There are 2 protein chains.
Amino acid sequence: MSSTELAPRVAVIGGGQLARMMAQPAVALGVPLRLLAEAEGVSAAQVIPDQQVGDYRDLATLRAITQGCSVVTFDHEHVPTEHLRALAADGVIAHPGPEALVHAQDKIVMREAMARLDAPQPRWAVVASEAEVEAFGLPCVLKVSRGGYDGKGVWMVRTLADAAEPLAAAAAAADRGVRLLAEELVDFRRELSALVARSPSGQAAAYPVVATLQVDGVCREVVAPAPDLDPAAAAAAQQLALRIAGELDVTGILAVELFEAVDAEGRTRILINELAMRPHNTGHWTQDGAVTSQFENHLRAALDLPLGSPEPRARWTVMVNILGGDDPDVGRLYDGYPHALARDPHLRVHLYGKELRPGRKVGHVNVYGDDLDDCLERARHAAAWFRGDLGNDSD
Amino acid sequence: MSSTELAPRVAVIGGGQLARMMAQPAVALGVPLRLLAEAEGVSAAQVIPDQQVGDYRDLATLRAITQGCSVVTFDHEHVPTEHLRALAADGVIAHPGPEALVHAQDKIVMREAMARLDAPQPRWAVVASEAEVEAFGLPCVLKVSRGGYDGKGVWMVRTLADAAEPLAAAAAAADRGVRLLAEELVDFRRELSALVARSPSGQAAAYPVVATLQVDGVCREVVAPAPDLDPAAAAAAQQLALRIAGELDVTGILAVELFEAVDAEGRTRILINELAMRPHNTGHWTQDGAVTSQFENHLRAALDLPLGSPEPRARWTVMVNILGGDDPDVGRLYDGYPHALARDPHLRVHLYGKELRPGRKVGHVNVYGDDLDDCLERARHAAAWFRGDLGNDSD
């Protein structure tokens with residue numbers, strides 16, 4: 001960093017909506033961002049002036065984009081860890097660093113680490129054949145260890161015949177280090193998420209545990225805090241996320257996606273589903289519902305600045321994603337504004353600068369207030385309206 | 001606007017901190033901005049990718065920057081109104097439009113309009129000689145009709161000798177349409193500000209009336225809402241601002257700066273001091289203290305979208321400006337973060353990407369909560385810390 005610069009520059013790898021939403025607190029903090037975008041005009045490239053288009057799998061590209069930056073952080077978890085080690089040797093530190101990030105890249109490495117930490121998780125095994133799947137027991141869930149997201153690379157397996165496709169997919173990608181993970185099918189009551197921010201100095205902040213509704217592996221709704229969650233279970237989930245962040249030396253945001261199950265004695269059990277090491281869809285509510293948003297705390301953590309309060313600002317905050325629907329004639333999201341904003345002057349809308357396509361996350365709405373049912377109705381109505389899908393909105 | 005664009009593009013003239021802070025809600029709304037900056041790297045140019053450097057007094061430059069934009073709005077009030085009429089003839093509508101904006105450009109035009117509206121204001125007159133100043137009566141305030149800001153172009157006149165400088169200044173600028181305005185010196189209790197947003201369709205939203213502390217003509221602190229303000233006076237101030245916005249056809253944010261005085265019978269009187277037609281320093285508290293910030297409502301109004309709620313989110317919100325102090329060795333504002341953020345995890349900081357220079361507005365802090373004294377102490381401490389001036393902080 002040149003001595004004439006006003007603040008350290010942060011390199012952000014990946015031009016999706018998470019990088020876009022980091023740009024807002026960067027404006028307030030006076031911190032310049034430099035973006036490596038995967039293509040011209042992608043979501044974050046629309047709002048960050050200092051940018052370059054390139055391939056995050058290419059070390060020379062990463063070296064060029066991070067030159068003059070103090071730290072590098074991410075919109076996604078796919079940057080090769082060996083490149084991050086090379087950057088560190090150049091003096092550009094990644095947050096999260098490669099030793100932490102590998103746990104968000106590889107689900108088997110993550111399961112092994114959770115086992116070492118004696119953290120509660122579903123029964124699991126690495127499998128490579130029908131016989132091993134059969135030995136693990138059916139029904140089960142099969143997941144490729146690397147590269148899956150939003151429900152892709154995940155199979156529900158009820159019969160051995162169902163295992164053929166995942167076994168073939170993993171075998172085909174074996175040369176890229178992909179293996180197949182079998183997990184117990186958890187009979188969960190609902191899904192939760194415990195989000196924490198952690199700085200390189202070790203300061204950490206835990207957001208309230210939220211309830212998330214996933215449909216086909218894609219996050220649809222978040223309620224903060226999780227309604228009717230046993231306070232002891234909520235505290236345990238926060239402590240678990242803080243412990244994982246500390247033990248794995250995570251820097252920035254860590255999202256621990258959890259299953260909430262009920263054991264034979266009727267007690268709440270929480271089991272780790274996935275880890276994510278970046279601002280997360282289950283934390284978008286913090287933009288309007290918390291003192292400090294996950295995006296601001298991610299940047300503060302990357303810069304080793306003191307973290308902001310994760311306290312909620314309202315009794316309830318509901319986040320509902322806007323997903324592209326099946327109707328190709330909906331038109332522009334922008335054209336949904338006159339109704340949506342007039343109907344609800346308290347509605348908070350966040351659009352990502354993306355065209356509507358079926359199933360694509362193109363934005364979200366946040367609604368906060370004292371009455372959960374009212375918040376849910378307003379947020380669901382607005383999201384359904386934007387996606388042109390009001391008639392089918394029966395969530 | 002091309003049919004492939006996701007949303008109408010908004011041209012913003014002027015690259016200061018007000019344009020910079022419009023960029024944050026533009027990200028959320030999915031609305032692209034195009035910036036005309038006065039120089040490379042100015043405050044807003046750091047955060048708006050689609051930009052050009054040029055002179056806002058040049059019509060060809062304005063035509064180029066607004067091409068493909070639906071509307072044009074402003075970081076400042078200095079764009080010549082004849083240029084805005086020429087742009088309108090091209091189909092690019094300015095918000096606020098030239099017929100409204102002239103009232104923020106010319107204090108005599110404003111006084112004449114307020115008189116027509118029978119709006120409460122100090123006694124005033126146009127003066128051009130010592131004799132006319134003497135006839136108006138001393139003491140008084142003299143102001144150049146155009147081009148003054150932040151206390152510049154304003155003189156406190158107690159003796160006729162004090163009038164020489166303002167008379168000469170106005171005479172020297174007469175060829176640019178500058179005249180001299182004499183105003184009664186109001187014995188005010190404090191200054192207030194009534195901020196409203198108004199859309200081209202005529203929808204309007206009034207923020208709570210705030211108290212502002214000005215030092216040497218520069219805003220230092222804002223308390224929202226104004227403490228101990230007579231509710232009838234508060235309602236009258238809001239209604240006055242709404243009436244002015246409607247009568248002058250203001251679009252976007254209108255700030256009506258007011259004197260609060262007490263008449264001989266002990267009743268609160270409010271008198272109009274100044275009008276501003278853009279997001280205003282007395283509205284920065286809305287970024288963290290209101291449901292919808294003034295910057296978002298300014299953009300919504302420019303686009304004729306329904307306005308967001310102006311309701312406060314906390315009992316009290318305090319804004320304190322960070323001004324460059326006299327110590328040249330303070331260093332970077334950024335270096336104030338470790339203490340300021342650790343001391344107060346609820347502190348909201350907004351920096352403008354500017355170097356510290358004596359008296360320059362380089363940022364502000366917002367603090368909200370239930371206890372006004374606590375909010376004041378925390379916000380003042382943080383602002384003083386950033387400006388390297390803790391020992392002198394006796395506000």
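Yeah, the Cβs are placed from backbone N, Cα and C, and that goes for glycine too.
Remember, TrEMBL labels are computer predictions, not curated facts.
As recorded in TrEMBL, the features of this protein are as follows:
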type	residues	note
BINDING	A:K107, A:K143, A:E183, A:E184, A:L185, A:V186, A:E191, A:N273, A:E274	ATP binding site
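Comment: ATP site residues A:K107, A:K143, A:E183, A:E184, A:L185, A:V186, A:E191, A:N273, A:E274; largest CA to CA distance 18 Å, whole number. Sequence-distant neighbours of A:L185 (ATP binding site) (same chain, six or more apart, CB under 8 Å from its CB) are A:P139, A:C140, A:V141, A:M156, listed in sequence order. In the three-state DSSP scheme, A:E191 (ATP binding site) falls into the strand class. Cβ-based neighbour count (10 Å, all protein chains) for A:E183 (ATP binding site) stands at 20. Reduced to three states, the DSSP call for A:L185 (ATP binding site) is coil. Looking only at the binding-site residues A:E191, A:E274, the densest Cβ neighbourhood within 10 Å occurs at A:E191.
Taken residue by residue with DSSP, A:K107 (ATP binding site) is part of a helix.
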